[in-house]
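Colleague: Annotations for this protein, taken from TrEMBL, read as follows:
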ACT_SITE  ASP242  active site, proton acceptor
BINDING   ASN11, LEU12, ASP13, GLY39, LYS40, GLY41, GLY42, ASN43, GLU135, ASP242  substrate binding site
BINDING   ASN179, THR210, MET211, GLY212, SER213, ARG214, GLY215, GLY241, ASP242  ATP binding site
BINDING   ASP236, THR238, ALA272, LYS275, GLY277, SER281  K(+) binding site
DOMAIN    1-285  domain 'Carbohydrate kinase PfkB'
Amino acid sequence: MARITVVGSLNLDMVMRAERLPMRGETLTGGVFSTAEGGKGGNQAVACARMGASVRMVGKVGNDPFGDRLVESLLREGIHAMVGRSGGHTGVAQVTVFGDDNAIIVAPGANLDLKPWDLQEDHFKDATSAVFQLEIPVDTVSRGLRMARDMGCLTFLNPSPLKPLPDEVIGLVDYLVLNQVELTQLGGTDDPDLSMGRLLGLGVKGVVLTMGSRGARFLSVESSGSVEASRVEVVDSTGAGDAFMGAFAVMISEGHSMEEAVRFGVTAGSLACLKAGAQPSMPTREEVEGAMGRL
Ligand code: RIB
């Protein structure tokens with residue numbers, strides 16, 4: 001069984017479903033409101049757990065009811081919640097869902113209080129892999145990558161939302177999973193092949209370019225290829241990238257090939273679009289395996 005430590009953000013998502021985004025200065029009525037557990041870190045932790053991995057989640061929430069709700073939800077998923085409390089408010093995301101798309105504003109709050117010195121060897125001890133995103137401070141991610149490497153873990157980074165990353169930090173990553181904008185920035189060119197090649201040159205073992213409804217492309221030291229996504233009736237695409245990341249990380253951690261892991265990730269991402277909410281929409285392993293043939 002893969003043992004995965006996820007270091008990252010926990011947000012409560014305030015979701016407004018609307019026909020379209022309002023224009024500047026416009027008030028749009030007729031929205032439908034709900035809340036859901038979210039945050040890229042929490043979402044990826046839930047995705048890994050539902051794929052059958054044993055998961056530790058390292059993060060920070062505020063001393064408030066949103067924080068209680070997020071921690072309780074992780075525990076219900078069977079995740080070992082190594083979640084501290086800070087003086088700031090729990091992270092909140094304002095998510096607008098319109099058509100197949102979404103637009104998100106995050107107020108990170110306590111997520112920014114997860115500091116490098118909060119990371120302990122215990123967080124990574126005996127883990128197969130460690131998974132990071134960028135909704136927490138970059139210094140914390142760099143230290144976490146270094147600690148995870150030193151402790152023999154495979155390291156995964158989803159550099160979202162994008163922030164400048166020194167090459168030596170990228171060099172601590174075994175598997176990078178990113179979208180076109182992130183690839184252009186980190187790879188230094190808008191040619192995906194050149195950019196992916198450049199990232200491998202920094203020491204990354206495998207790079208995956210996620211392309212939403214168009215699937216994903218990958219390049220590793222041993223292989224390259226692409227996987228198409230099947231067409232699905234999108235209910236809510238929030239968290240689809242996180243579903244990909246979780247499923248991909250679990251498959252690689254179990255020793256599967258890049259192509260198998262990307263195929264699994266693309267299917268998990270498609271399934272996550274079929275349900276509302278970020279964490280509530282993460283598919284189980286049985287659902288992904290069942291859909292592999294069908295979709
Ligand atoms: O990736 C989706 C997530 O981004 C949402 O759950 C929201 O909390 C933001 O962090």
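The backbone N, Cα and C atoms fix where each Cβ goes, and this holds for glycine too.
Remember, TrEMBL labels are computer predictions, not curated facts.
Explain the structural surroundings of these features, please.
Modeller: Non-local contacts of ASP242 (active site, proton acceptor) by the CB criterion (under 8 A, 6+ apart in sequence, same chain) comprise LYS40, ASN43, GLN44, ALA47, ASN158, ALA272, ALA278, MET282.
The DSSP secondary structure for ASN179 (ATP binding site) is coil.
In the structure as shown, the Cβ atom of SER281 (K(+) binding site) sits within 10 Å of 24 other Cβ atoms.
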Colleague: Which whole-number mean pLDDT does the model give the domain 'Carbohydrate kinase PfkB' (1-285)?
Modeller: 97
Colleague: Those recorded positions, ASN11, GLY42, GLY215, ASP242, ALA272, LYS275: which ones have a Cβ sitting under 6 Å from ligand 1?
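Modeller: Near the molecule: ASN11, ASP242.
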Colleague: Of the binding-site residues SER213, GLY215, GLY277, which one sits closest to ASN11 (substrate binding site) when you measure Cα to Cα?
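Modeller: Of the binding-site residues SER213, GLY215, GLY277, GLY277 has its Cα closest to that of ASN11 (substrate binding site).
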Colleague: Largest pairwise Cα distance, Å, within the listed substrate binders ASN11, LEU12, ASP13, GLY39, LYS40, GLY41, GLY42, ASN43, GLU135, ASP242?
Modeller: 15
